[in-house]
Each structure stands twice: as structure tokens, then as C-alpha cells.
Amino acid sequence: MPLKKKNQWKEGRAAYAMILPAVLIIAAVALWPLLRSFWISLFDLRLNDPTRNAIHYSYSVNVEQYADRLPGLLRTVKREAGNARDGASPGLSVAQKKLEAVSGELEEDPAFRERLAQVNGLLDAFSPVPQELRFIPVDNAKAERLKAELQGIRKELIGLKADGSLERPDEVIGLTSALLDTFQAPNFVGLSHYKDLMSGRRLWESLGNTLFFTVFAVALEMLLGLLIALLLNRTFRGRGLVRAAVLIPWATPTAVSAMIWHYLYDGQNGIVAKLLYEAGLISDMGSLLSSGSMVMGSVIMADVWKTAPFVALLLLAGLQNIPASLYEAAWVDGGSRWKQFVHVTVPLLKPAFFVALMFRTLDAFRVFDLIYVLTGGGPANSTESVSIYAYKTMFSELDFGKGSALSVIVFVCVLLISMVYVKWLGADVVGRRAG
Amino acid sequence: MNQKTGPLFYTAIAAFIGIVIFPFLWVLLASLKAPLYLYGEYAFSVKVPEYTLHNYISVFTNHPFGRYLLNSFTVGVLTMLLSISIAAFASYAVARLHFFGKTFFLGILLAVSMLPQIATLSPLFLFMQSTGLRNTYAGLVIPYTTYALPIAIWYMTTFFKQIPVELEEAAKVDGASLLGIFGRVLLPLVSPGLFTTAIIVFVDAWHEFLFALTINTKQSMMTVPVGIAMFQGEFTFPWGEISAATVTVTVPVVLLVLLFQRRIIAGLTSGAVKQ
């Protein structure tokens, strides 16, 4: 027995070594980013806004801007205090004192002082300040207190402006605001992206579009796929050729097939648009891609064309796994063709059918490239799926926080769908897929 | 099921094939029409006064289409090599070795295959951005390989399982080590399966759109699907060029598929339908 145990141990170690690369890359490039997406969705992260283009857990000060703005502000305030007519100077000297107190408090931190000296050195030498030197974290409570202080100073200056006791009021006020901007607030927003999205209409509309697409496209694909599979499940001349032809839509990139259908649906030159028009099915050739109520149908038709043959292929493989002897037995028992179908084909094809159904549903729910290329989500967002909405939010609006929240919503929906399927089908059927 | 095949049956088959193939034939025709005859009164005619290869030439001279093809091909081949080498080991372990946590590993694979790619897009984009991997081949090969692994491991596991255990045991008796058995006995036997999986992984990488669209945005690094999607002119669609590009990218993959259709069908259906 010990020998066997030792062998088992050795085998286990070898197995772990063999799956290790796969585990590592999946953990690093699929699972970790998934968690990270959720984390990013809790922040107000915008790539087009320099103060929010990274995740900030705490307050920090932009030392470069600080070194640039503070001396100018102090100088201007001092000059104003010198020039001021009687009565205004007390207010200005108070403001000056307060400003000095704020900068004093910031600079009492040795790390801040050191960084400031470093940045000043670079600025004096006219060399660029590298990104990693620009920001220095500041204690949250202190930052908030100093910001409040600066806001108070700004208010006082605005008061002095109203009194007309400042020579160049906008300059001091502007510089104070600029100094306030050197404080970078933490951009943690918690679940507020989710709250905003849920209270907006666009999320629900895009979810509705996605569900509509999923239900109708998948239903048609499974139905047509089954019919085609039953048709092909006979021996006839040229069967190999037909089976191969079925692979052609599968072998075409979705984006390319979307382009093909774009051409076929074109309002002026599209042959499918023309045929449907001639057949009296549509009143205007342009409506396939431009009328809100028709476009989703066009998208579904293109998806069915691309995927139904593939579904047929999967189901055909399932059909061919049914032993012929069962049909013969049914035949001998006097079962009609319909009875054979109901009592032999249906129960035995079920597992293959449900696995195909589940994977098609999940694929359809995350639809992106077909819609992106065919309609871009339009007209008027009538074909916008949640994935398209998420993509647009991230890469057109550069709002990564909200976009990540949307992509997490896609994930949660996919998770729910797969849980329903797994519960409904039983783990057994799903396990088949996993070998 | 040996049912009689009558004329009705052949009509149905012909109609089905017609519908499947028609878009390609129409696009092939469009790619050969002189641009003038793509619009207006000749738009719907099969016979036009002039057929030309002009569209094929202009797609390569007016657009960096050759570059797109090269990019797609390189990314596809690299993804294929990387995922096959990782998956070969993992699928052998799954098919033949006993280890604690195998079910968990398979569960993770299943979960990753269901994962919507968009749910990992923002961190991956930010990562590629900060490491300078945007607009490089590695920027696409890394995510492609990750998402190809579940499929590759499943397919190859079925192929490994088809090899009789006796062969391995015989090699063991002859004193071969585990790695020796794997490398010298099993890999050669499983090579048809490896090859099939490689084709399927390559085709998937050739098709991928979302990562390609977001990570490689520089003209010179775009892949074919993104390149074709970006062909739209400012006001009109250059349908002649788009058709020529479509034919150019579809034909090699279709040939590959027709050539190896038996194996590909076996590979694609092995996951869904277990023997």
C-alpha cells in the first residue's frame, strides 16, 4: 500500500505542475480582472479628466501645481494688501496670514517639504516633472480641513471684491480656486454608479433590447437548427458537401458577416431590402436599418443566418449518437414516424439540445460585434445591448467607473442565466460539457 | 434513420444551402463588379457591362489591408501555439491523472468559458495601457490565450481519453517516466486532436472583435475584423472594397474549414455531445 500512496502523491504533484500554467494565466487574466472590474466600478474613474484618471484611495496634493501656484498667490495677495485703499487691508492681511498657515501646515510634513524642494528644483531647471513625483498623499482629515480653510479665504476675497476694494479681484480669486484644485479628492463613490444606472432609463432599455434579442434569436436558431439537423440526418448524395457548407457562416468573423448584412440591408443597393420590398413585406427599402421597430428584426435575422447552421451541426452530432437499433425497435413495434420522434429522438437528443441552448443563450446575451458593426446600437439606441452600452460608456465617454459597473451588470446577468440553466438542467448535463 | 429521399427533400436541402451561401455569392459578385455598377440601376443585376479586379487591388493599395491580414495571422498563430502548449499538459492531467481539486479546476474552466469578455475589459485595458502592451501582438495574444484555454482543454481532453490506457501502461512497464510517456507516446498519438484544436483556436482568434477593437487601435496594429468594420467612408460605404476584403478574409478560412471539416466537426461537437 505505501508504494501506491507514494505513486499517487507523485501523480498528484505531476498533475499540479501540468495544470499550473493554465491556472496561473486564467487567474491573472480572467478571474483577477473580473474582481478588479467590480472594484473599479466603485470609483469615479474618468480617463479624460486629469484629476480622476486613476483610482485615488485618499486625498493627495499635486505638488507641481502647488509649487507653481502658491508663490504667485501669496505675491498677489501681498501686492493687493499694499495697494489697497484704507479699510480693505485688514481683510487682506488676514487672508494672507491664513494662506501662510495653510501652506505652513502642509509643509510641516517633512516628506511634503522634501518633495516640494525636489519639484522646485526640476521646475527651476525647466525639466518636466515625472508623473510619480507629481502627487503626494495627504491625511484625509487634514486635507479636508485645509480645503475648508481655503474655501473660507476664497469667500472672503469674493466679499472684498463685492466691496470693490480689490485692484484685480479676479486674479486673487482665480489663483485661490487654482490652489484648491491642487487637492485631489479620493474618487471612491461606492455603489452610486449602480444606483444611478438603475434609476436611469437607458440601462433598462438596453437590458430589454438584449433580452428581446436573446429570446427571439435563440428560439429561432434552436428551432431552425433542429429542423435542419433532422433534414441532414439521412443518408443522401452530397451529404458531406452540405455538412461542410454549414460550416461556412461559422468560419466567417461575426464583424465581417455584419458588414455583409449591412450591404444586403442597404436602403439603396441592398438586395435583401429590395427582395423584401418587392415581396411587400416592408413598405420602404430603407426601413430595415433605419426604422426603430424593424432594426432589431434585421439584427436577429443576421444572427440566425450566422448561427442556426452551427446549432444544426451540434444537434446533428447528437442525432447521430442515437443508436439506429432504437429506431428499428420502434419500427418493429409499429411506431409511426411521429411516435419515433417523440419517444426516441426527443428524449435522447435532450442533453445535446439543452447544452447548445445554454451556450447559445449566454453567447446571445453578451452580443456585441454583430450589433456594433451592423447598427452601432442605433437608430436612437433601439438596438443597443448592455454590452454596447458598457463599451460606449467606457470608450466614447471614457467613463471607466460607470462602464465597469455596466460590465459587472452584464456579468451578473450571465451568472443568473447560467445558474437558472444549471439548476434546470442539473449539474450532470453541464458536467458533460466539461468532459 | 434511413428514410426515403424524394424530390421534396432535395428541394428543401437546396433551399437551405441557397440561403446559407447566397450572401457570400452576392458579395463575391459585388467584389467583381466595376464600382460604377454597384449603385443605381445595375445594383441588383448579376450581369453588368464590366467585371474587374479593381476592388481587390484598391483594398490593398488604398487601405493597409495587407497589414491587417498580417496582424490577424500573427496574433492567431501565436495564440494557437501558446494555448496548445499550455492546454496539452493540462488536458493530459485532466484526462489521465488523479488529483485533488480536479472538479474545481473543471468548474473554473466552465465558468471562464461563460464569462462575458466585457466584464474583464476595463482592468485589462488599463493594464495594457500602463504596461505599454497596447498596440502590440502580446496585448491581444495574452487575453486570447486565456479565453481559448477552456475550449482547448476540453477538446484535447476528449482526444486524450480516446487513447487506450494499455499503451501508457506498456510504456510504464518499459520504464518510461511520466514526461517520457506524455512526450513520446501520447503527444504523437493525440496530434490529430492537437491539430483540430489548433484550427479551432486559430479561427476564434481570427474572429475576435472586442479586445482587438479596444486594445489595438493603431492602424498598423489592427486586425482584420476591426479593419473591415472601420472601412466605412465618411458619407458612403465603399461596398466594392468591403466586398473584396470580405472575400479575401473569408476564402482562406473557408478553404481551411473545408479541408479539415471532418476533424473540425468532430472537435466542435465533442464538447456538446459526449460519446
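Cβ atoms are placed via backbone N, Cα and C, with glycine included.
These come from TrEMBL:
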DOMAIN    B:69-260  domain 'ABC transmembrane type-1'
TRANSMEM  B:7-29  transmembrane segment
TRANSMEM  B:68-92  transmembrane segment
TRANSMEM  B:104-128  transmembrane segment
TRANSMEM  B:140-160  transmembrane segment
TRANSMEM  B:181-203  transmembrane segment
TRANSMEM  B:242-260  transmembrane segment
Beyond the flanks of the transmembrane segment (B:140-160) by 6 or more, those residues with Cβ under 8 Å of it: 75, 78-79, 82-84, 86-88, 90-92, 94-96, 109-110, 112-113, 115, 117, 120, 124, 133, 186, 190, 192-194, 196-197, 200-201, 204-205, 208, 211-212, 215-216, 223, 267, 270-271, 274
Distant-in-sequence neighbours of the transmembrane segment (B:7-29), which means Cβ under 8 A and at least six residues beyond its ends: 46, 243, 246-247, 250
Annotated stretches the transmembrane segment (B:181-203) and the transmembrane segment (B:242-260) touching (3 or more Cβ pairs under 8 Å): yes
Long-range environment of the transmembrane segment (B:68-92) - Cβ separation under 8 angstroms, sequence gap at least 6: 137, 140-141, 144-145, 148-149, 152-157, 159-160, 182, 186-187, 190, 194, 197-198, 201-202, 205-206, 216, 221-228, 248-249
Same-chain residues at least 6 beyond the ends of the transmembrane segment (B:242-260) whose Cβ lies under 8 Å from its Cβ atoms: 24, 27-28, 30-31, 55-56, 58-59, 63, 65, 69, 72, 195-196, 199, 203, 206, 224, 227-228, 231
